[in-house]
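Engineer: Pasting a structure below so you can have a look.
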Amino acid sequence: MDKNNDSDVVKEEIPERRGWSNQVEFFFSCVGYAVGLGNIWRFPYLAFQYGGGSFLVPYVIMLVICGLPLFFLELAFGQFGSQGPITIWRVCPLFTGVGVAMVLISLMVCLYYNIIIMYGIFYFLNSLIYLDEALPWSTCGNTWNTKYCITERPDFSAMSETKAMNITLDRMDPVCVSQMLASANMSKTSSNFTLNYTLSSLSMCDMAVLPSEEYFTRFVLKLHEAENIGDLGGMSFKLLALLALTWLIQFIGLRRGVETSGKIIYFLASFPYVVLIALLIRGVTLEGYMKGIEFYVIPKWEKLNNINVWRDAATQIFYSLGPAFGTLITMASYNPFKHNCYRDAILVAVINCSTSIFAGFVIFSMLGYMAHVTNQDVQSVTSSGPGLVFVVYPEGIARMPAAPVWACLFFIMLISLGLDSQLAMFETVISAIIDQFPSALRKRRVMFTFICHVIGFLLGVPMVTYGGIWVLTILNTYSASYALMLTCLCELIALNYVYGNKNLCSDINIMLGFTPNWYWRSCWMVITPLTIVTMMILSGVQYTPVDYGGYEFEPWAQGVGFATVGLPILAILGGAVIQIYRFGGIRPAIQPHPLWGPANSTHRTGKYAISNQGFQSEVELYQVTPHISTVMATQRVENNGSSNVGLVGGY
């Protein structure tokens, strides 16, 4: 702090907001953020479920009318304002809560996303330990396995019917079999109690499970030792230690913001492609690979009549490109003012979608091989989410020659895909808070970042209990669902209808040298908002309670999930009420703050010039205005012996 003897102003030096070392770092960071675990565990499953190649039709359409417009909008918005997702709402203070909602959503997603990265580290370390042996999830007979564990489905064609019946019944739940037979007025001595009847009518009693599934649920998670979501059981200390390691790795990457994360991202964003190419080459040399690829690419056009196809295509695009998390705004805010973010938006969106399609070939070549060796249909070995990544993939890899090597590569790829998205999202949380209190926190960036990581670790502890996967499932399902779509809708309304689409396009013209054409404007104003509203309605109408492995969570747990939806919505509504109170009404609260505009004074020309307000610098203006609502701030500044008085509205 120093006092200017020529004025009444007490000035405090605010540390400079640092940016990317070069624009390649920004581009790689965008690619790393957009290309994440969803490209590996969700897109291939949806493509298979909804008609293979025909799913690409709604997928590309949703990219054009929803994903790409939102991606470019947030990059341009963040780059023009050069602020984090909260302070950037100087453009329209009434919607400051939208920025808070973005930060809350990113925080909740970060909590469970780090758990998935932790699982990847666990599998990677175990792959290294068993580098010269069979992978632990490839065999039955281990201490964690049950009698229902099988490595392959038996071929009954070479057995007598009696032997086949005994093998089949042995892997079935006896209580379930008795109930099913009683309901059909049959017994095991009935003449029509045949092998075909057992395989068809009693299939729901089949308890057979692959060793990879028991390894994940019984050894990694110890899920069998948890009663229900209300009694999560004991703590898994091996997972707790790995969770601490995961947050420590993330802290090292974020301790100095984009200065450090920008360097790491070169490896994190590019290495997954090396592994995907290697896995594809290996996959197409495996027996039965073509069976999987045929299931993936052969179109089933009749599937397009199902409304769920279009809803899930929109959802996949929405969550894959990641608008409304505040992350795109944060990353773009570190760009030079004249950077061509328009080019980056198109390139990153195309790369993201191309990666999803390419990953589908990799995944289904492996699933085809797995279906071949287990004597099943491809459909029977396909699942989504954590089950696909930590059960199906490890099972397929375990059956490859040199399995531990391929397992190491696969899980390094998984960790890389998770980390680059995680670094971007958690940087959003940290930057948003630092931008709110720059003078207090920018000088203490490392310490504040460390505190944030410790808090994140503590909040993630419930997910490393024996029933922690249930907590993860609740967060994964609810935290970035309705609230994310509503936040995105509010963002579109604020920028295009309150601030004004003409003003928005004018700002982009100042920055990039061109005005967005009819495609961008029609999407921002009409098409994309209608798409989001439709998604929200369909999601609400087709809502089903969340479950994991057939266990439907209790109503109170579903309520906790909806509470995570309510937090961001409450932030939006509460933020609006607070701003209306501070500004003394809605009309002044929707007017752009005097500080809205380019951060660099050399770009603050025309309507964004602040020199005529009577302040010597943007920092001086900032010091006076943020803490006042509708009261006008009067500041006396000496300038060549004369006095100027500047009046500005509060923020």
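Placed from the backbone N, Cα and C atoms, the Cβ positions cover glycine too.
Those TrEMBL annotations? Automatic predictions, nothing curated.
Quick paste from TrEMBL:
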TRANSMEM  26-44  transmembrane segment
BINDING   G32, A34, V35, N39, L417, D420, S421  Na(+) 1 binding site
TRANSMEM  56-77  transmembrane segment
TRANSMEM  98-125  transmembrane segment
DISULFID  C140-C149  disulfide bond
TRANSMEM  232-252  transmembrane segment
TRANSMEM  264-281  transmembrane segment
TRANSMEM  317-334  transmembrane segment
BINDING   S320, N352  Na(+) 2 binding site
TRANSMEM  346-371  transmembrane segment
TRANSMEM  403-426  transmembrane segment
TRANSMEM  446-472  transmembrane segment
TRANSMEM  478-498  transmembrane segment
TRANSMEM  518-539  transmembrane segment
TRANSMEM  559-581  transmembrane segment
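Are these features on the surface or tucked inside, and what touches them?
Structural biologist: If you look at the transmembrane segment (26-44), the same-chain residues 6 or more away from its ends with a CB under 8 A from one of its CBs are 20, 71, 75, 113, 116, 258, 261-262, 265-266, 268-270, 272, 296, 316, 319-322, 327-328, 331-332, 334-335, 339, 344, 347-349, 351-352, 355-357, 359-360, 363-364, 384-386, 388-389, 414, 417-418, 420-421, 423-425.
Listed in sequence order, F71, S320, L321, G322, V348, A349, I351, N352 are the same-chain residues six or more apart from A34 (Na(+) 1 binding site) with CB atoms under 8 A from its CB.
For the transmembrane segment (56-77), same-chain residues at least 6 beyond its ends with a Cβ under 8 Å from one of its own Cβ atoms are 30, 34, 47, 88, 91, 304, 309-310, 313-314, 316-318, 320-321, 323-324, 328-329, 331-332, 341-342, 344-346, 348-349, 353, 357, 488, 491-492, 495, 507-508, 511-512, 520, 523-524, 527-528, 531-532.
Long-range contacts of the transmembrane segment (98-125) within the same chain: residues 37, 84-89, 220, 238-239, 242-243, 245-247, 250, 324-327, 329, 386, 389-390, 394, 407-408, 411-412, 414-415, 418-419, 421-422, 425-426, 428-429, 432-433, 456, 459-460, 463-464, 468, 471-472, 475-476, 479-480, 483-484, 487, 490-491, 494, 564, 567-569, 571-572, 575, each at least 6 residues beyond the stretch ends and with a Cβ under 8 Å from a Cβ of the stretch.
Residues 25, 28-29, 31-32, 35, 253, 355, 358-359, 361-362, 365-366, 406, 409-410, 412-413, 416-417, 419-420, 423 of the same chain, all 6+ positions outside the transmembrane segment (264-281), place their C-beta atoms under 8 angstroms from a C-beta of that stretch.
Residues 17-20, 26, 29-30, 33-34, 36, 38-39, 43, 59, 62-63, 66-68, 70-71, 73-79, 81-85, 88, 99, 102-103, 105-106, 109, 258, 341, 349, 352-353, 356, 421, 424-425, 427-428, 431-432, 480, 484-485, 487-488, 491, 535 of the same chain sit 6 or more residues outside the transmembrane segment (317-334) yet have a Cβ under 8 Å from a Cβ within it.
Away from its own ends, the transmembrane segment (403-426) comes close to residues 29, 32-33, 35-37, 39-40, 106, 109-110, 113-114, 116-117, 120-121, 123-124, 127-128, 130-135, 138, 249-250, 253-254, 261, 264-265, 267-269, 271-272, 275-276, 278-279, 282, 322, 325, 327, 330-331, 389, 393-394, 397, 452-453, 456 of its chain (Cβ-Cβ under 8 Å, at least six residues beyond either end).
Sequence-distant contacts of the transmembrane segment (518-539) (same chain, six or more residues past either end, CB-CB distance under 8 Å): 62, 65-66, 69-70, 72-73, 307, 311, 314-315, 318, 481-482, 485-486, 488-489, 492-493, 495-497, 501, 504-505.
Within its own chain, the transmembrane segment (559-581) is flanked in space by residues 93-102, 104-105, 108, 474-475, 477-479, 481-484, 486-487, 490, 546, 553, 589, 629, which lie at least six positions past its ends and keep a Cβ under 8 Å from the stretch.
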Engineer: Report, as numbers and ranges, every residue of the chain located at least six residues beyond the transmembrane segment (346-371) whose Cβ falls under 8 Å of a Cβ in that stretch; write 'none' if there are none.
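Structural biologist: That would be 27, 30-31, 34-35, 39-40, 43-44, 47-48, 56, 59-60, 63, 67-68, 71-72, 273, 276, 279-280, 283-284, 286-296, 316-317, 320-321, 377-378, 380-382, 392-393, 395-397, 399-400.
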Engineer: For the C-alpha pair, I'd like the distance in angstrom between L417 (Na(+) 1 binding site) and C149 (disulfide bond), rounded off.
Structural biologist: 31
Engineer: Measure the Cβ-based neighbour count of V35 (Na(+) 1 binding site), defined as the other Cβ atoms within 10 Å of its Cβ.
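Structural biologist: For V35 (Na(+) 1 binding site), the 10 Å Cβ neighbour count is 27.
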Engineer: Compared by Cα position, which of the binding-site residues G32, N39, D420 is the closest one to C140 (disulfide bond)?
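Structural biologist: Nearest by Cα distance to C140 (disulfide bond): N39.
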Engineer: Counting other Cβ atoms within 10 Å, pick out the least crowded of the recorded positions C140, C149, L417.
Structural biologist: C140
Engineer: Give the nonlocal contacts of the transmembrane segment (232-252) in its own chain as ranges (CB under 8 Å, at least six residues past its ends).
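Structural biologist: Long-range Cβ neighbours of the transmembrane segment (232-252): 114-115, 117-118, 121-122, 220-222, 225-226, 260, 419, 422-423, 426, 449-450, 453-454, 456-457, 460-462, 464-468, 470-471.
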